[in-house]
Amino acid sequence: PKMPGQDTAARAYSCCFSQGEKLSHALRISAYVFSTGLLMFTALANSVSWFMQSITLGNFWQTAWLEFYDYMEGDEWSIFLVGAALVPALAFWGFNGILLVADITGKPTFITRYRIQLGKNDPVDKKKLWKAIYTALGNQLFVSFPMLVPMFYIMQWWDNTFSKELPTFQWFLVELSIFTVVEEILFYYTHRLAHHPVLYKHIHKKHHEWTAPIGVVSIYAHPIEHIVSNTLPVMTGPMIMGSHIVSVSAWFSLALVTTSISHCGYHLPLLPSPEFHDFHHLKFNQCYGVLGVLDFLHGTDRMFRQTKAFERHKVLLGLTPLSESIPEPPKKEE
């Protein structure tokens with residue numbers, strides 16, 4: 001005869017065994033996916049690196065760098081200003097110049113049809129726009145530029161920034177990964193701190209005057225915020241790594257263009273999705289980071305994940321605007 005509770009114990013054992021099997025199966029699948037992904041990423045990175053280094057470019061960049069170095073007569077301060085200030089500024093204003101034409105004139109329609117917040121900035125308020133442009137220029141000239149002075153001496157101390165030998169493309173990819181992680185951590189927490197009621201009222205509120213942002217608004221901020229949240233997160237990675245000035249210049253330019261994309265208000269084909277940060281400007285208390293990793297871990301993207309904006313948060317590979325293919329649900333009649 002069965003002992004009392006024997007069936008219950010058997011069922012419990014069977015349930016535990018089943019759960020253990022499921023966990024083991026899930027772990028095996030995860031390990032397989034992770035290892036396959038890692039192998040594919042490594043193969044792709046190596047292929048791209050080999051292609052960039054050996055076929056397409058050869059010694060082009062190395063030769064160009066040496067010619068530029070000789071032209072500047074090895075003056076490290078001048079080289080640093082060109083690489084860390086002039087080139088990124090040209091990238092920022094060149095990209096935003098195109099966007100400003102669309103914001104002001106509503107043309108070309110190839111750009112404006114991809115507007116995220118339909119009916120906003122159509123056309124942009126010129127008074128607000130000029131205020132944003134003046135503030136952005138002021139932040140670049142009177143905040144970012146002075147911050148380059150201590151950075152220059154830190155980079156000189158590393159004794160690698162102005163080397164005549166450029167870093168390999170593989171090493172630049174490693175640095176880029178580290179820069180991105182450092183920026184994500186520093187920007188997320190400083191940005192979230194700026195939303196504290198006291199700091200928000202006196203500092204961060206300025207940036208949020210634009211609930212439907214445009215590209216130039218990416219550096220439209222209070223000077224303190226521009227130092228702590230905009231500039232330091234981008235500068236810290238290269239200072240930690242003692243990066244070459246060419247890497248610094250590429251990273252600064254990339255950071256300025258990508259933050260312009262995230263603020264531009266247009267979800268354009270083949271460019272990174274700006275839906276994440278656009279939603280932050282719309283709702284204020286969601287989506288504080290750049291990549292969204294820390295938002296996911298801290299749960300500060302829960303509302304975003306329940307919206308159509310989250311469904312549209314991907315690279316647009318076609319020509320049909322995502323606002324048309326994934327429209328907002330019709331508003332309920334009162």
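Using the three backbone atoms N, Cα and C, a Cβ is placed for every residue, glycine included.
Curation does not apply to TrEMBL; its annotations are automatic.
Annotated features in TrEMBL:
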type     : residues : note
TRANSMEM : 31-52    : transmembrane segment
TRANSMEM : 77-102   : transmembrane segment
TRANSMEM : 136-158  : transmembrane segment
TRANSMEM : 170-189  : transmembrane segment
DOMAIN   : 178-300  : domain 'Fatty acid hydroxylase'
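Counting residues per DSSP class in helix, strand and coil order gives 87 helix, 1 strand, 35 coil for the domain 'Fatty acid hydroxylase' (178-300). If you take every residue in the domain 'Fatty acid hydroxylase' (178-300) and average the pLDDT, you get 96.
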